[in-house]
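Written below as structure tokens is the structure these notes are about.
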Ligand code: HMG
């Protein structure tokens, strides 16, 4: 009895959250103004109306497994690997109907075998589900560390209205007690409703979407969970140093911040809008990476903002079509910059190679989905982990 009371008190005061954050996107992009001109659209529709300047182009030698391993290897030390006992891989562009991408990643990263590793799916909400599960796991086992991955390739198809909102990449979150970056608040607000705004039937390689409807539902869910979060926590907009959004295209986050700040003091609106600009910088250059998008935005804020200080509370809005949303928050920790492991993501994104629209279209069609046996030339892919091909439907991953 005494032990239970003691443990409950420990949980109450223990900080749990994001200790480290890593990100990977391939080294190729297409320029959105050029894509707009090729599609006979005004470039400002993509640059301002949608809010995207560049879009990640995914070569066939990268998929969710390789991108995840490339993101995670940026943050994991030997000690982390020793303490890791759970890998949660969130994706909606998985590469197998049965085997979890987490199992491949655990092998590529050299993790020990006495771990749990599995995949979760709920559109772009998956990584948030993983993060909350990881938090609960660490509450039970405070010495454990959990690797949560959000990796996806967003595909709507060439010459579709969704095309300028594609992209891809992976985020890796290390969750632990006494985290360096963000200690999660316990209370959050969530909502699930069966809605057909975006889906991808089995066997299809591109998503189906009711684009305008999906954007409206996103904003309705934002309103609902934000009201609920305020009621549950007693916190208000002025208690937040910044609000982060899932960013399928960055204009939608701008609509989100405008919705939240309607009727707010001008100084508060200005402060939150400024931070939103920092939070969308990287997403404007990558596009949608589905479930990793919110956490790329967190990374962008942490590297771009000069105002944030330890103790600031960040609000996070996670949305996954279908549909599910959650509004939660966390407190920035004194070493939050150290949790990014010294990687300069602005530089990494600036160093990517631009490809022509023709080349992007070619690579779009080269992704391996149904091939039984095929070898890929990975000599031009500078990433550490690559997909070298498939042999009798078995994907061949290697480190080079
Ligand atoms: P569209 O029909 O091509 O674009 O589709 P539009 O005509 O609505 O124009 C877009 C905006 O550009 C409009 O602004 C125009 O006024 C403006 P808004 O009315 O929205 O404020 N515009 C211009 N602005 C400046 N200069 C110009 C100009 N011309 C027009 N010259 C749409 C756009 C986003 C619907 C489409 O790309 C799409 O369907 N995308 C995919 C769906 C999507 O991203 N939905 C977001 C919510 S659902 C979600 O977030 C979940 C998701 O990530 C998946 C998951 O959970 O797994 C998608």
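Note that Cβ sites are derived from N, Cα and C of the backbone, with glycine treated the same way.
Just so you know, TrEMBL annotations never went through curation; they're auto-generated.
Annotated domain 'Hydroxymethylglutaryl-coenzyme A synthase N-terminal' per TrEMBL: 15-178, in sequence order. Summarising the annotation, TrEMBL assigns (3S)-3-hydroxy-3-methylglutaryl-CoA binding site to 42, 156, 255, 288. Summarising the annotation, TrEMBL assigns active site, proton donor/acceptor to 92, 246. Annotated active site, acyl-thioester intermediate per TrEMBL: 124, in sequence order. According to TrEMBL, the domain 'Hydroxymethylglutaryl-coenzyme A synthase C-terminal' annotation covers 188-260, 278-367.
Shown here: features listed in TrEMBL, placed on the structure.
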residue	record	contacts (Cβ under 8 Å, 6+ apart)
42	(3S)-3-hydroxy-3-methylglutaryl-CoA binding site	36
92	active site, proton donor/acceptor	121, 123, 124, 126, 152, 200, 290, 291
156	(3S)-3-hydroxy-3-methylglutaryl-CoA binding site	162, 163, 165, 166, 206, 207, 209
246	active site, proton donor/acceptor	124, 218, 253, 293, 294, 297, 317, 318, 319, 320
255	(3S)-3-hydroxy-3-methylglutaryl-CoA binding site	215, 219
288	(3S)-3-hydroxy-3-methylglutaryl-CoA binding site	154, 165, 166, 167, 247, 248, 249
- Message: Measuring Cβ to any atom of ligand 1 with a strict under-6 Å cutoff, which of the recorded positions 42, 124, 255 qualify?
- Response: 42, 124
- Pairwise Cα distance maximum in Å, (3S)-3-hydroxy-3-methylglutaryl-CoA-binding residues per record: 42, 156, 255, 288: 22
- Three-state secondary structure, residue 92 (active site, proton donor/acceptor) (per DSSP): coil
- Query: Using DSSP, how many residues in the domain 'Hydroxymethylglutaryl-coenzyme A synthase C-terminal' (278-367) fall into helix, strand and coil?
  - Reply: 43 helix, 19 strand, 28 coil
- Task: Can you see whether DSSP assigns residue 124 (active site, acyl-thioester intermediate) to helix, strand or coil?
- Result: strand
- Message: Using DSSP and collapsing to three states, where does residue 246 (active site, proton donor/acceptor) fall: helix, strand or coil?
- Response: coil
- Message: Considering every residue in the domain 'Hydroxymethylglutaryl-coenzyme A synthase C-terminal' (188-260), what is the mean pLDDT value?
- Response: 98
